[in-house]
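These notes are about the structure you will find just below.
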């Protein structure tokens, strides 16, 4: 009974905590759009004539999860969802988050959201277009040199009343794959903004810093005086020609850069009287050529055939060489300018447009708009969230995006491995075919060589055996090249032994120095007999 009471108490506590978390999430969630249901009715498609792109309620590839799909290429798209009430961005932390998947990849297109100001700023949902006023623009954009996750704050200048776009400097790049990705922007009360891609912080910036935004929200305190003018006697030259310098007497400014090489000689065989080009002897005047209308016909020119074997034709001229006396135009050396005052710049004056801010003067958000012109189809938007707490956004990432991403990642990995295996198999097969071709070629070479070896006259006693080996090898295509090469080595060794084996004895005899007189003659005759007898001594070994 006691255990049952403890279990009941635990379940009750767990249910209470879960309810508390649910209520907390609901309390901190300003807007959440899952697109589980068709978007018609809750989203308003722009009726502006420029926006002809068709939105579709479609499943994400490989999932049962629905999203808002860009269905056509090369179209402008416009669609809006209004909040129940405008959100004041000045009140604490605000988190903007959504998922987007480029199912066909992304070559040129945007997938960013515009967080729109209230309609009293001068726009309507049905007339939504690129000029509709927004407070924040956030999301990926890629085309040509552009590849970034935008974060743009459109802020009202308190001095001029003009709304200015302030762009985040050095924003993150867009992931280049076909997986679902989640983009998060966190605006904090201390003016910090963080950009997350797939839950990982990619950029942190200060909204009031000129190092992070261009142009800076807070202008410079001082500016160059537009009325200030550079004095006429202001000398900006750091160096000047030395006024005391004099051109040397031997400085010849008229000397040419190059002169003829007087040491050069005309190559022997140079054909002075032969032109480099001659009339083509095979050319004939066209039958329809009219001298009166077309002028006198001339045969086309070809290279003079006589010049092909000669070092050159025509008038020979000495080559040019660098003139050692050339110095060019003389100029005085430079010295420090005693009148140098530095580079002039106007004096600074207080900036009449300067203002100070403790926090950006955000405009409220009253709607989410997608206004894009994309060359890409297959862009799928999903799980749009506006929340007041980072933990809420993290919870949605873990429950809605992460499971899909993990499945897509595993599928992508399997496809890459399969593609790699297929490529590896193709490479292996190609190598096998190459090996077989080389094997067949070598086999033919070896057989031809063996046939030639068998025809050698002093191997006639072995010809039948050699022929038998060749015939067996030809009947067995799988006989390895190693065996054939071994046979060749054996025959080659035998060939060397037969050809060079007896000359060593003869050479030994020849190295003996003859005696003076008759002994020398006797040894010569003996040596000749040994030479003629040597083959007869080897004959029995051949029969073996």
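Positions of Cβ are set from backbone N, Cα and C atoms, glycine also.
Feature annotations, courtesy of TrEMBL:
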SIGNAL    1-25  signal peptide
DISULFID  108-143  disulfide bond
REGION    206-315  region 'Disordered'
COMPBIAS  222-240  compositional bias 'Basic and acidic residues'
COMPBIAS  250-281  compositional bias 'Acidic residues'
TRANSMEM  479-500  transmembrane segment
REGION    505-544  region 'Disordered'
COMPBIAS  509-534  compositional bias 'Basic and acidic residues'
COMPBIAS  535-544  compositional bias 'Basic residues'
Count of other CB atoms lying within 10 Å of the CB belonging to residue 108 (disulfide bond): 15
List of residues, in chain order, with Cβ under 8 A from that of residue 143 (disulfide bond) and at least 6 apart: 107, 108, 109, 110, 375
Summary of DSSP states over the compositional bias 'Acidic residues' (250-281), given as helix, strand and coil counts: 0 helix, 7 strand, 25 coil
